[in-house]
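**Q** Sharing a structure with you now.
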Amino acid sequence: MPKRTIPSNERPERAQILRITLILIAAYLPLGGYLAVQISAFVGLLFAIRLASLRWPAVLPGTLPLAALTLIGVANAAVTYQGWSGQNAGTALFVSMLVLKLMELRRKSDIRLVATLIGFLVVVEFLFDQSPWLVLYLGAVVVWGIALLVDLNGGLEEPRRRGAVKVAVTLALQALPLTLILFLLFPRLSAPLWNLGVDPSKATTGISDSLEPGAISELVLDGELAFRARFEGAPPAADQLYWRGPVLWETDGRRWSRGEGIANSGTAGTLLEAGRSIDYEVTLEPTDQRWLFALDMPNSVPDGAFISSDHQLIARQAVSAVKRYRVTSALDYRTAAPDPARLAAGLQVPEDVTPRMRRLVDEWRNRSETDWALVQSGLQFFNRESFHYTLMPPSLGANPTDEFLFETRRGFCEHYASSFAVLMRMAEIPSRIVLGYLGGELNRVGGYHMVWQSDAHAWVEVLIDGRGWVRVDPTAAVDPSRVDNSGASRMLGAGPSVRFTLEQADAIARFVRNLRLFADSLDAAWQDWILGFSVENQLALLERLRLGELREYGLVALMLAALGLTLGVLVLASIRERKPFDPLQAEYARFCGHLAKIGLARVPNEGPMSYARRVVAQRPDLAPTIERFMDLYIPARYGPDDPRDVLMALSDLLRDFRPRSASRMRDLLRRSR
Amino acid sequence: MTNFLSRHGMNSSASLAERVLVAARAVILGKDRELRLALACLMARGHLLIEDVPGVGKTTLAHLLARLLGLEYARIQFTSDLLPADVIGVSVYDRAAESFRFHPGPVFSQVVLADEINRATPKAQSALLEAMEERQVTVEGETRPLPEPFFVIATQNPLFQVGTFPLPESQLDRFLMRIRLGYPAAEQEKALLAGEDRRSMIARQQPALTGEQLTALQQQVVAVHAAPAIIEYVHAILALTRSSERFLHGLSPRAGLGILRAAKAWALLEERDYVIPEDIQAILPSCVVHRLAASEYGGRLDEDAVMSEILDRVALA
């Protein structure tokens, strides 16, 4: 088979091959965290071959090995993801094939193709992650790719690379207003395009619906954000920030769970009295669970959610993406008494109750006239006895509650809440455990609270006659002097977080903290204004611009008009940069244009006189007109006198100046003979 | 010249200059372009540097120009042991007057022929080069003006020759033009060999201009018109040399002024009272190449490459 030769100006330079490889590597890097290791290994191998081939061209695979590599790539993606469907499998296949293209960059057009496909790769990557940092990073990659395309198209002045980057940045900046218009005005679908149920879960586990030793201490060391909350008006005091999550009823002495058939059943929990209500908006990170968090006690129901009988806010669908909802909570409240079935569940006691636990409760009962007084006795017990708060409690044996209460006396919220609830139930006071978060860090930059996984907490609710369910936090009863802060960088898992937070006095720590707050507020703004920009936001914006009538086609028309206007402004601005119009120069350009048509174009750096001389030397028949033109033009353009009088004469001269090419002249002569 | 361009009443001055050229052509054969450049340089009140291998007629040209312009001249042969005092002059104690009396050196002449200027040490070179720019000399605290007009015509050997001290760029910048003579063509060389001794020919030459005529010529050069398009063109050239990666540094504003002045003189020689782009292109190589240095260490600039780089990349509208 004869090999077609490639013209030298179509052959890519080594530096261009190196650059497209580096750009593709840079574009692939963020995907590495989402795709399986096998895919990254295959792609990495191809990158290595391409880079090595710049030094040793022999390593580049020929046609047959390339075909084999292609098959391996297809098989690799198919085996890894067991088929072709789904976002991961499709992306893996696309990336594998795209990187394979690097093996055959024979022409500049091959590089152009890869550079263009990198644009598609960038779009695909946003299916995996939409953080502002990724946008910045991939934006830089795209500009780099455009610079390479500019370089490939040639025509750049030295220094070439800097020139190409300059052009690319200019193009990107010019595209910015167009992007903004498309973002604001492009007609939106109500549901995201890619909500096909195939995207991998990005949810962090967070709080689960059961409590056992170690469940929360794990979370306390977790640095992830659980949710953000923005209060309307002043936020409540820090010791009011109990963010309510799952409510646990059933215990076996070691593990607490919601209890079969108890949770989510029955009617919505209602508040008999509600005072001091507070409005706020929560932006919940995905949990893959159905519960939503609200301050004690939620008094309104956001869309797509309901309130369970134990006052828990529950979404109708699992939270698999960032979810934003508005709630109103009552800080002072009185709940209704539960139905008898629940009352029984609230009194269920594990089997491993020991005599000394019984003695302790009996003693409290004898001392106290009312249930509430008994609760206070319990709290005093935790406060007076040598209970320690620590994140690293000693491990507990067969009967954890007993062991904790009388022997180790070291633990954190889950120990305190669990043992306290058991003791209360033994005293015939219905109790339940509530899981959730306590406190939150005020982000002064963004003006909202950040609640971290490390703020996870567990507390107890007891049923008191006439008051309904009352929140009791036994962990907070521990004497502050017995709080052990070592072993965890942030101690927000127990008690009011403010109380236990180490004062970070030194400047660097404060700076780092502020930096973190700033980064998070940027993230939140991104969430609010970019990712959360929905159909409703779009319509609200149009309303505000008094363009509310526009829907669908009207919106498209508005978008096109805005795009046209922006493009027009950009074009006008670029024209304006040119030099002012010189009529004399225009006539000269016309003159040169006529001559260019007959193959006597002016060289860009040729002066008028040398040009005239050259043309006359080649076409003596044109000499009279050219001499007359130059006689007028040169002094007018370069001489000291006003050129205005000459302009007319020049355009008169040019009106009849239609030079014919030499070959055409010969044809005409022959014919006339 | 062109047969189709009307001339603009410059006949008297043009013929004056033409007279110098005709006389010069009789002595220096076949170097019409170099003679015109040298004359344009002097008409633009610029100093001239002639660079070439020994024996191609550098000194003869310098002598001849001084003679034809009717100027008083002195010649300094630069050697490695030349002292600044040999150039400027010394004060000698006068017994009769009981005071020091200044004996002016050769620099106090209208035309100074500085022969083989790069054979002298930098110290001696700078004595002359300072006088070139200031047109005055300060000796022992007293400032003495140099005669008017004042030209330095220096010759130098190519830098790669043994025993030379290259002039620094800052001093090269003071020469408006640097020209090269090159070997004569076969025909002219034969005529030279067969002809009369050049030295005696020069001695016989009568001045072609009077002092007033030279001054008038110089004033006419200043009056030549440079249109905005020409200014733009010169500026584009300067800007290009500054942004190009090939050069260590770009052309100075002084170089830009020099280019324009030289182009005006050239336009006058072409019997025009305005500059056209071709004038710039004609004088550009001799005005520019000696002021530029290659950006890479130890690199040398090829004259033709520099010119094509500059001329090709600055487009004319």
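Glycine is treated like the rest: Cβ placed from N, Cα and C.
According to TrEMBL, the protein carries these features:
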TRANSMEM  A:20-47  transmembrane segment
TRANSMEM  A:59-79  transmembrane segment
TRANSMEM  A:110-128  transmembrane segment
TRANSMEM  A:134-152  transmembrane segment
TRANSMEM  A:164-186  transmembrane segment
DOMAIN    A:405-476  domain 'Transglutaminase-like'
TRANSMEM  A:553-575  transmembrane segment
**Q** Give the nonlocal contacts of the transmembrane segment (A:20-47) in its own chain as ranges (CB under 8 Å, at least six residues past its ends).
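**A** Hits for the transmembrane segment (A:20-47): 69, 72-73, 76-77, 79-81, 88, 91-92, 95-96, 98-100, 102-103, 105, 111, 114-115, 118, 121-122, 125, 128-129, 134, 137-138, 141, 144-145, 148, 200.
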**Q** Does the structure show the transmembrane segment (A:110-128) and the transmembrane segment (A:134-152) touching, where I'm treating 3 or more Cβ pairs under 8 angstroms (sequence separation 6 or more) as a contact?
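**A** Stretch pair touches.
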**Q** DSSP helix, strand and coil counts for the domain 'Transglutaminase-like' (A:405-476)?
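**A** Summed over the domain 'Transglutaminase-like' (A:405-476), the classes give 24 helix, 32 strand, 16 coil.
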**Q** Mean pLDDT across the domain 'Transglutaminase-like' (A:405-476), rounded to an integer, is what?
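**A** Its mean pLDDT is 86.
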